[in-house]
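S.K.: What TrEMBL records for 75 is active site, proton donor. For 75, the entry in TrEMBL reads active site. Residues annotated as active site, proton acceptor in TrEMBL: 220. Annotation source TrEMBL lists substrate binding site at 13, 46, 66, 76, 77, 160, 193, 211, 212, 221, 222. The feature site 'Important for dimerization' is assigned by TrEMBL to 271.
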Ligand SMILES: N[C@H](CCC[C@H](N)C(=O)O)C(=O)O
């Protein structure tokens with residue numbers, strides 16, 4: 001079978017985007033792992049699958065798979081590329097789109113300057129909902145991690161789970177050594193994305209993210225949202241916040257409590273491709 005796809009990225013977090021509306025395809029974990037390989041396949045952090053809506057109230061359904069083949073609940077950078085994709089491929093004539101995901105409905109807007117604004121929904125701080133094993137909800141938690149002193153984290157779900165570690169300098173933070181241990185920590189039964197956040201000022205942070213299911217990426221949209229929420233909850237940050245990631249910056253705002261997190265940033269098409277599978 002010849003599979004058509006678009007190779008896209010949001011600040012260097014890169015995706016293989018597939019139109020599952022006009023192409024019928026089943027992606028097994030093995031096929032995804034083969035396609036995500038940067039030498040033997042297309043190479044990507046996540047695979048994004050565009051499907052017809054299951055719910056008449058929304059325009060599309062959107063499924064997300066990590067490079068390791070795991071299906072996950074949410075992808076912020078991917079949501080921006082999703083909008084670019086469905087508009088450019090004529091799958092909709094709207095620029096304000098509602099899309100369902102495994103963990104809820106997102107509202108996406110393609111702006112006149114080609115940036116995309118995403119309503120990322122209300123963050124979840126209840127450990128039960130992350131899921132994260134803790135006695136009670138708190139601004140921060142202590143994790144015991146082999147080979148490291150007690151690690152203090154914030155824990156936030158943006159539909160997918162995030163642990164946020166405050167560091168003095170992201171450039172020297174043990175992103176891979178510590179990130180890979182926290183990702184699989186026993187207190188996160190579904191594993192976790194791990195953000196390393198350095199405060200620049202009340203309205204700006206530098207951030208690196210070791211992502212669940214694919215390792216460190218150049219940017220993580222849900223990770224940026226989670227780091228801002230954790231920082232505001234810990235009274236270290238004030239909305240709006242500019243989040244500087246290795247691949248570029250995102251603008252994140254959150255008014256607290258049950259209000260949604262808003263994210264704006266770019267979405268870029270690198271090339272259209274096809275592959276025999
Ligand atoms: N690795 C994440 C999914 C992709 C999130 C990230 N690429 C983003 O932009 O939000 C997870 O396992 O929950």
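Glycine is treated like the rest: Cβ placed from N, Cα and C.
Describe the structural context of these features.
M.R.: Residue density at residue 75 (active site, proton donor): 30 other Cβ atoms are found within 10 A of its Cβ, drawing on all protein chains shown.
DSSP assigns residue 220 (active site, proton acceptor) to coil in the three-state reduction, placing it in neither a helix nor a strand.
Using a 10 Å radius centred on the Cβ of residue 222 (substrate binding site) and all shown protein chains, the other Cβ atoms total 30.
Within the same chain, residues at least six positions away from residue 271 (site 'Important for dimerization') with a Cβ under 8 Å of its Cβ are 6, 7.
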S.K.: Roughly how many Å separate the Cα of residue 220 (active site, proton acceptor) from that of residue 75 (active site, proton donor), to the nearest whole number?
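M.R.: Cα-Cα, rounded: 8 Å.
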S.K.: Other than 13, 46, 66, 76, 77, 160, 193, 211, 212, 221, 222, which residues of the chain come within 8 Å of the substrate site, judged by Cβ distance to the Cβ centroid of those residues?
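M.R.: Here the nearby residues are 45, 64, 72, 74, 75, 78, 209, 217, 220, 223.
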S.K.: What does DSSP assign residue 77 (substrate binding site), in three states?
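M.R.: Looking at the DSSP assignment, residue 77 (substrate binding site) belongs to a helix.
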S.K.: In the three-state scheme derived from DSSP, which category covers residue 212 (substrate binding site)?
M.R.: coil
S.K.: Taking ligand 1 as the reference and 6 angstroms as the Cβ limit (strictly under), which recorded positions among 75, 77, 271 are close?
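M.R.: 75, 77, in sequence order.
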